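Features as listed in TrEMBL:
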- A:48-366: domain 'AB hydrolase-1' (DOMAIN)
- A:S156: active site, nucleophile (ACT_SITE)
- A:R226, A:D362: substrate binding site (BINDING)
- A:D328: active site (ACT_SITE)
- A:H361: active site (ACT_SITE)
Amino acid sequence: MDQTNPVTPLSHQHVTFPDGLQLDCGFHLAPVDVAYRTYGTLSPARDNAILVCHALTGDQYVADPHPLTGKPGWWGRMVGPGLPIDTDRFFVICVNVLGGCMGTTGPRSLRVREDGTEEPWGTDFPAITIRDMVRAQHLLVEHMGITRLLAVVGGSMGGMQVLEWCATYPEQVFAAMPIATSPFHSAQNIAFNEVSRQAIFADPQWHGGRYWECNEIPARGLAVARMMAHITYLSEAALTRKFGRRVRTTPGRGATGGPGSLFGEMFEVESYLRHQGSTFVRRFDANSYLTITRAMDYFDLGAEHDGDMSRPFRGTPTRFCIISFSSDWLFPTSQARLLARALNQVAANVSFVEIDSDKGHDAFLLDEPDFDRTIRGFLCGAAEHAGIG
Amino acid sequence: MRLDQRLIAGMIRPRTRVLDVGSGDGALLDYLFRNSGCDARGIEIDMREVTRSVAHGLPVMHGDADHDLVHYPDNAFDYVVLQRTLQAVERPREVLRQMLRIGRYAIVSFPNFGHWRLRMQLLLRGRMPMTSVWSTPWYDTPNIHPCTILDFLTLCRDEGYVVQQWMAVDEDGERAPWRRSIRLANLFGEQALFLLRRKDAPR
């Protein structure tokens, strides 16, 4: 596994808010850096802004190459000139979430200790919530002088942020697209996150979260966490189609020993997962992974409003478009339907589409023509209703 | 847009809130938004139609009359529309109740099982009728609750709904000439179109 310097000095476009944020946990975090990318041009009336919210391991590099991996942006097929989220028309903002590791304040950021020295927050970083992430994004949006976002769009944990935007700043969201998401994190999903976290804790190089002191990273634990999580992003059909039972024939590449030994040959699906794990640790911080998965686990829109999931949306002026994928078992359609019905209860303007796909949860990042058409059409409709040419 | 959808659109006042249950390709929604300034939304059971409608910027959600109306609050809409679907729902009476709970007016169209061709086929051939309107054999038909115009009027009376307007419509959606006599309409009308209101709703 690669051993990248745990505190990679990389500069990201960002704004520093010296007054910081009051977090849900009661802690006042200050100062707060908010790192972001923008695409397209903000109209003179500042009414064409679309905020894209990224998922657990995403970042603000939605449509340009990743500065660490050099890979294309994670939604480069969706955001750009002429694409469904059309940067010729719209001004697209994507913000690294609070607690992340790509420039927004998170566990890897430095804090000043009482003796005046600096060190990373590490596991002392306060527990954050999805709403805290949204508050940080809100700081940036207001800083840009945008009073109302034309749309807030996001998949998975990004969808949780979309919902929290609508609940917290209803008048500032004209249209919302929560995609492949749920109004609460299910017990099964919390369980998967816990396995991911335990994998990190079990890595001897985790050093109780202070791995920077030894100039190490818990690469093995983080890679296992990623491998496990990655399975939940796919589907049985997708794994079968992609890999089947095919075996990689290069001998002697297994974990132990050469041909004839127990692990002498490797199934393609194993090789794929290992690759996913090893590339992930190069770009993601383990403590960020812990902080953000915890924020997802805490997410429960109903619980935040006395158990009534529809209450935060009472009187909402926002147009919603809920999208789920038929083979997504991490955020299944049944949970999206609960959300749709909660919105019906307050007579909100809701579209609800289940896209037929065998690609599992990750379908929202992949080539699904019906999905593209739905996003493009909904945003065009929203722009028309908002009176934007 | 089908001709009978134009008749429906003609019953709906401008700038009102409309729910179209079974919105299909969204033609009526699009018309109501563009021409009448309505806040028009749809529910549709066929996912391909839902996707197509949303991709055209129309607010449509996947769902059906039997299971999804119950989630809306009272008086959420001015009009709730159910086109050519009443005969295919699980519980027509309950669907009508829900429509007139969440909307002040209900606009309902359905194929008339009292049409003379159906009566004659059953009488002369002794077999389930097959016409251009009722075109699927009995074992394949989704139309599990067929009714005649007279049956429907009886239900409205029993449930206490006011029939504000009614008309017979032929298969192409053209308004049929049977305007005065319900009995003639029940014999010659291929489709029926009703505008109902709750007793407490303004005329």
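The backbone N, Cα and C atoms fix where each Cβ goes, and this holds for glycine too.
Spacing of A:R226 (substrate binding site) relative to A:H361 (active site) is 15 Å (Cα to Cα, whole number).
Averaged over the domain 'AB hydrolase-1' (A:48-366), the predicted model has a pLDDT of 95. The sparsest Cβ neighbourhood within 10 Å, among the listed recorded positions (A:D328, A:D362), is found at A:D362. Rounded to a whole number, the C-alpha distance linking A:D328 (active site) with A:S156 (active site, nucleophile) is 11 angstrom. In sequence order, A:A55, A:L56, A:I179, A:A180, A:T181, A:L330, A:F331, A:H361, A:F364 are the residues of the chain that are 6 or more apart from A:S156 (active site, nucleophile) and have a CB within less than 8 Å of its CB. Set side by side, the recorded positions A:R226, A:H361 differ in how many other CB atoms lie within 10 angstroms of their CB, and the most is found at A:H361. Look at A:H361 (active site): DSSP puts it in a helix.
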